[in-house]
Amino acid sequence: VLAALAAGAAEARATSEGQLPGAAAMGTGTPPSPSGTAFEETRLHVFTLDYPHVQIPFEITLWILLASLAKIGFHLYHKLPSIVPESCLLILVGLLLGGIIFGAEEKSPPVMNSDVFFLYLLPPIVLDAGYFMPTRLFFENFGTIFWYAVVGTLWNAIGIGISLYGICQISAFGLTDITLLQNLLFGSLISAVDPVAVLAVFENIHVNEQLYILVFGESLLNDAITVVLYNLFKSFCQMRTIKVIDIFAGIANFFIVGIGGVLIGILLGFVAAFTTRFTHKIRVIEPLFVFLYSYLSYITAEMFHLSGIMAITACAMTMNKYVEENVSQKSYTTIKYFMKMLSSVSETLIFIFMGVSTVGKNHEWNWAFVSFTLLFCLIWRALGVFVLTQIINVFRTIPLTFKDQFIIAYGGLRGAICFSLVFLLPPAVFPRKKLFITAVIVVIFFTVFIQGITIRPLVEFLDVKRSNKKQPAVSEEIYNRFFDHVKTGIEDVCGHWGHNFWRDKFKKFDNKYLRRLLIRENQPKSSIVSLYKKLEIKHAIEMAESGMISKVPSSVSLSDYHEGKIKPLSPTEMENMREILTKNLYQIRHRTMSYNRHSLAADAGEKQAKEILIRRRHSLRESLRKTNSLSRERPVLA
Amino acid sequence: TSEQIEHLHRRFKQLSQDQLTIRKENFDSIPDLEFNPIRGKIVHAFFDKRNLRQESDGLADEINFEDFLTIMSYFRPIEMNMDEEQLDRFRKEKLKFLFHMYDSDHDGKITLQEYRNVVEELLSGNPHLEKESARSIADGAMMEAASICVGQMGPDQVYEGITFEDFLKV
């Protein structure tokens, strides 16, 4: 379609050029004197084709449409997404498309513009990931994540850079003109683990949350280091002499980039939460604030050359806690769906563009460089993870096993970020830019295809602990809270300022100041109570819809019944309560959302309909069986 | 480790004001513990004879450093070089410690009233909550435990309370 349009565009341009001076002339009032068609009157056109007028939006829409249609295509064949991750298929589609465009027009297809990628395609994905990140788990493992992200990336970058330089020195490969600094720069951009690729691959294999958060958290946090190293080495390549002061400036720059990004994110997150405090009159634009503020944090950070990814992650995580309570239920649903839609579209586009941009004339193949790059990437990653884990295990309560380490090393996928970064290299300073591009593409393809496809069977083979999607239960919530308080109490007794101590302190500060400021109707919140209230509400709605109000009492009415008695509950009542609970538990709104990005909880409507049918059948059976009814039959209160 | 024992010893001396034993009142000197909703249960756990591995039942009046260490040892992290059986035993001990905290009347079962007590204490920091909600929450949780442990119950059965085996299942 695009090729045909391109041909049509050429035609249309010719006709419109003829028309345009005419139109302009009519505007100024002088008689028309068209350039090509002198003295030829243009008849009234019954049907015109004016492609350039709509070219840009038209092409964008077509690309997005194509991406989404491709996605539908994959899921038509059931088994395919479970064997091959979507990212691979999308790249293949992109390759195909690139090939077609190349064949049709005999020139390189549009390369993914790095600006487009960094400013438009990347933020939605990071926002989505940050908003639904399990914060508690993230902060519990924060030390480890930070360690892997910073030291691990440094290790990889310098290791790969230096070893590649060693290879370049061997004159037989014809690479001696690549300097050490260029190699280091290459190392720094290729060692960045990519959040997009990690998300795309990990979301289908369902490893346990801790492992997931380690790899994913690392991919987010290493953006700070990548930005710093990349800019550092790029400037070094362009400077004549390098002084020691520059190295210190680099280190200082890292702190500023990282911390500055996070601060901007948190600040704008608070502002967003504060804004939503006042939006109860205009519910319709509530979702807009969430998106605007987070995007604002991203581009503000980018403006100062700070880490945009960390800014938007911090903003999303901050906003999530407070905004959720201020906005209406409908707004919350809108935010959720819209975010997932945007991120899904972005991800698809990124992979397709990667495929398209691969085809073309900007390649230079050199066996040694490419293969050694790939080899070193793998070796240094494995070594890095192993060494770093031995060190960090000393500080962890639950040490990381070899299986965990293997998955962390194997899950270090490269993706679109290094792809874009390599395209951003200034060709004047890097005469062998094409070689770098080729090497990066090979590494990305290897990690996405081979590692992406094989990680699932490996996870099963190694019997890695998977995430268990169980229903939230009130007793579980109770036990968890109990454990937390016990741990905090023991820490107080020991006089030890541990994890629980700080978390408790933060909670108190939060309750005292932040929540009062940022949340509209502030009531001290207990997770147990809110969970239970949701259960009751769902139960009430269900009952009202299925018309079973007077048959089964809720446990609220039951507790009246037992005032002052220590005798345990009688079995019929227990059975009824059990039924209520088991049937309602699965419909709770998941606040700690699982990280699976592409499948939201199944539509409540269809499940409810089934439920009502089951209930009706059951109630018919019950009413035939039941001889006694309970002494109190109160209508259910929400 | 020995440094951990030293640290705990210092803390013990601080709490007991250089005496050989600690009483319940000494725990009042820990400021942050005041805010902990289940403070009573935590302090109680230190003096619970079942936790101190003594044969008798009930509460001790005072504990010495050895007992203090015994309680603290429940919170040891799992070591990598343990085998399956040790691991299992270790976990059971930790869970038993928690079980004793729930089971305040020492009869080996968590009854509905004890459970309600626990939930009320947990939610005691929340002034807006009515007692009724806490009760119904406890009832609901008890229900879930019953359904996990006993499954389908016949019309004549009465659920006494959560025993330790049921607790493990849950």
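Here the Cβ of each residue, glycine as well, is placed from N, Cα and C on the backbone.
Look at TrEMBL and you will find A:64-460 tagged as domain 'Cation/H+ exchanger transmembrane'. Feature annotation from TrEMBL assigns transmembrane segment to A:83-104, A:116-133, A:145-168, A:180-205, A:211-233, A:245-275, A:295-316, A:368-395, A:407-429, A:435-459. What TrEMBL lists as domain 'Sodium/hydrogen exchanger regulatory region' is A:551-635.
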Spell out yes or no: are there three or more C-beta pairs under 8 angstroms between the transmembrane segment (A:368-395) and the transmembrane segment (A:145-168), with each pair 6 or more apart in sequence?
yes
Near the transmembrane segment (A:211-233), which same-chain residues lie under 8 Å Cβ to Cβ, leaving out any that are not at least 6 residues past its ends?
126, 129-130, 133-134, 137-138, 141-142, 144-146, 148-150, 152-154, 157, 181, 184-185, 188-189, 191-195, 198-199, 202, 250, 253-254, 257-258, 261, 305-310, 313, 404, 407-408, 411-412, 417, 421, 464-465, 467, 595
Please work out which recorded stretch in A:83-104, A:145-168, A:295-316, A:407-429, A:435-459 has the most C-beta pairs separated by under 8 angstroms from the transmembrane segment (A:116-133)?
A:295-316
When the pLDDT values for the domain 'Sodium/hydrogen exchanger regulatory region' (A:551-635) are averaged, what is the result?
49
